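This report concerns only the one structure given below.
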Amino acid sequence: MGKLVAVILLGAGLALVGERFLTFRERMNAYREVESVEPQNCHLIEGIENGSEDIDILPSGLAFISSGLKYPGMPDFAPDEPGRIFLMDLNEQNPRVQELNISDGFDKASFNPHGMSTFIDKDQTVYLYVVNHPHMDSTVEIFKFEEQQRSLVYLKTIKHELLKSVNDIVVLGPEQFYATRDRYFTNFFLMLLELFMDLHWTQVLFYSPGEVKVVARGFSSANGITLSLDKKYIYVADVSDKNIHVMKIHDNWDLTQLKVIQLDTLVDNLTVDPDTGDILAGCHPNALKLLMYNTEDPPGSEALRIRNALSEKPMISTMYANSGSVLQGSSVASVYRGKLLIGTVFHKALYCEL
């Protein structure tokens, strides 16, 4: 009898693992091959070789680009090089990137930048908030941008027990922001188990000096986050569930979900077109290729535009798509006056004139 029970339990366990494995492959779009959609006037940006995970463009046309992210399970072509922040002036006829110098007092050697967000104060001072993973921890670094010197002045590091596995942030005011937590566990093997079992335990957090709280939960992997032009709504990407959550902001900074926009691609970072309010999404058409990197069959890239996000039927169009022959592992798309920038987790960056 004991052997029979053991066999039944073993069979049930194997069946569960098999079901989870098939479900995982479907969630990762393991069988999808992307069809090419490439504007004519595009070229790779010289000087960016090790990722451009997030891009934030100021109203003036100056674009901040984070580079050098080291993230568990992701390819890393420069493991011994610290992360960097680049600047690109999109008003120039032939824009080029320039690395921003970071002031003393900041540990540059362990800089591991992830998501970013800018804030412009009443006196027009620009502050750059950067999610950082020094030694695989999670902090938010605050810098003041010195435009004339093309440099960042380090001001402060924010840490909190709730700010774990932080992926992206959107700044609301001085030292006030929403942040996404893309994993519940911080242990690498437990992270893999969480991803495999699809636990839906990740969150969106609100941070201010006087209050830190969870304002939304139940995501498979909360990733990119951005603010609508009218500042009434937050858009949150759930990369594993392949969707975008539209959430209303309340006076106490709590969030209420209004709708979910379902896609057929894994959504990473989100930005908003400053002219139209459309959502732009950097996406992974086949994330299994990202997790199991093969130079002979690299991960592709995809950038989407979502119009009328609040309507019953948002319009979704493809701005760019490539099998990986040009651009691998796209993570963000951002526009400024007919110019498109597409960043990647670990690869290069693309500049297009639309």
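Placed from the backbone N, Cα and C atoms, the Cβ positions cover glycine too.
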According to TrEMBL, which candidate among Cys283, Cys352 shares a disulfide with Cys42?
Cys352
Counting only residues 6+ away in sequence within the same chain, which have a CB under 8 Å from the CB of Asp168 (Ca(2+) 1 binding site)?
Asp54, His114, Gly115, Ser117, Val131, Ala179, Thr180, Asn223, Gly224, Ile225, Asn269
Most Cβ neighbours inside 10 Å, all chains, among the disulfide-bonded residues Cys42, Cys352:
Cys352
Quick one: give me the count of other CB atoms within 10 A of the CB of Asp54 (Ca(2+) 2 binding site).
31
Whole-number Å distance between the CA of Cys352 (disulfide bond) and the CA of Asn167 (Ca(2+) 1 binding site)?
26
Taking the Cα atoms as reference points, how far is Cys42 (disulfide bond) from Asn167 (Ca(2+) 1 binding site) in Å?
28
